[in-house]
Amino acid sequence: MKKNKVKIDKIPNYEDFKKMKLHELLDLAVLLRKKIIDISENKSAHLSSNLGIVELSMALLYVFDSPQDLIAYDTGHQCYVHKMITDRADKISTIRESNGLSGFQEPNESIHDFISTGHSGNILSICQGFIEKNNSKSKSVIPVIGDAAISNGLAFEALNNIAYNKTPMLIIINDNGMSISKNVGALHKIMSKFQMSKSVFLTEKILRKILFKKEWSKKIYWSIYKSFSKLSKFFKGKNFFESLGFHYFGVIDGNNLKKTINVLKRIKNIVPFGPTILHVKTIKGLGYKEAELDDKGLYHSLKLSDPNLNSNNQTYGSVAANFLEKLIEYDNNIQIINPAMTLSSNFLNLSKKFPNNYEDVGIAEEHAVTKAAGMAIANKKVFVSIYSTFLQRSYDNLLHDVARLELPITFLVDRCDLSYSDGDTHHGIYDIGFLKSIPNTIITCASNKFELERLIILAYQNKSNPFFIRYTKEKCEDIEVKKEFSFGSWVYALQTKESKTCIISYGDIINDLKKEIKTKSIDLINAVFITNYQKENVLRILSTYKNIYVVEKVFDSNCLGDDLIILANENKLSCNIKKINIRNNKIGFGNKEDIDKKLNIDMNSIFAEIKS
């Protein structure tokens, strides 16, 4: 008699999950996908990557024993299934919210989360270091890395060292043919052609059944298997990873749960003998038709119910991209480089319209900056579009290859200030501090459409030294009253005749301050140029006011406020300068209102400080 198919209506705890039969697991996969889609209906969440990795995440937790075996996701945002199965399903609706679950793996949240990550390409190095020096030899550490992230320079360095040291670790390559948007690079093209001989898999299966029972016979198994594998490679040829020295298995269908579980069970026994790679193919966005068909990255991270999903809402990024389109029409000598953030930086249309003027170099921030240096030396007018949090990865390249050579490259620094729901790994609050430590840097910040376009023109006209234009991901104000400014200028956002108190600030927070100040006798000065400001004009401002508050949505160290205090002291000015900024670098994640209040940079806290 045929049994009725068991329907799963609740995500089990991890202990019960390990006891489930295959047909139950398949039902659970359907429920997990529904949960992920439900989350994305109500908030901005990482949709496509989590839908694509459902079966792989389930298989890893089913075959291995977390937390004794550690499963670590590169970048970390593909962790929704991992969290739900490891006893956090009841809280999954709170993901990326204040006091809720993190959108990334987070050790402070659960023993099942090995490491906190957020940037791509670092997981192999972390896992190798842990495996080689961890005293508990019984633990397996399984890093999962995408086909885009593995092309990152740091990941390549790790692969080289892992192979050289013969580190016994299993690396899962989750190959979905996508980064956030379409993949680029030669390695992606090579990997798309990888295929493992079926005879190797069949031989391994037979050998394991016969010999993998006792410790002494395991050595015989391994010796025979290696010989057969070498013979197969002699006729078939080695792929890239095998040439480095990895035991390579794949390509398998990572969305086939039964096959993925079976292959992991077999490979699990081989890992102690040396570095091993399992290459799985998955479909990004599987289970949500629009996400499956999305080759642009529109469904990477979004709120499905957002009425602005398909709108042309004007952000700072879209203003910059649209203005550069006009500039390229005027001067075809312009070149734009972006490291893997074409869509989210709003450059997709420009990249299609001017393919010869635009290049996405993949997840390669260091390479992007140094390649820009080469283009500048070739007399191209270069713009680099890059997130603030990723710019910090290229510090040496900025110092050695750009600033030292005084090259006039423009950096459009996106996602500045706080990232809120993404958390600590994505806050753009450190760029001013580290950029100011590099000689010859021009640092600016825009607070509206007019300022951003004006700064792009000034950067385009700049003949020497790197020019940084900071902006947030927020909606870009298109102000009616446009105040012209020249290189190094500061402008009054609000001015009274009798006030002896002023706020100096810059960036998008200027707009919030302006609304709050209108009924108060306080002047508001927009420090468009954070460095290279007109010193005499700034000294005049410092001499005019008794109380000056420097409000910055950046980390306290080496900020504009520090410069102004030094400048006032050097010139023996009597003004009182107070810094209002971010003092805590353990910010976490959450809603804008909650995070601003926690850091005392919400409007109520700022004006309470001024009033006191």
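Every residue gets a Cβ built from N, Cα and C, even glycine.
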Additional site residue, His77, His82, His247, His400 [criterion: listed by Swiss-Prot with Gly118, His119, Ser120, Ala148, Ala149, Asn176, Tyr288, Glu365 for thiamine diphosphate]: His77
Rounded to the nearest Å - Cα separation of His77 (thiamine diphosphate binding site) and Asp147 (Mg(2+) binding site): 15
Residues His77, Gly118, His119, Ser120, Ala148, Ala149, Asn176, Tyr288, Glu365 binding thiamine diphosphate per the record - widest CA separation, whole Å: 31
Rounded Cα separation (Å) that holds between Asp147 (Mg(2+) binding site) and Asn176 (thiamine diphosphate binding site): 7
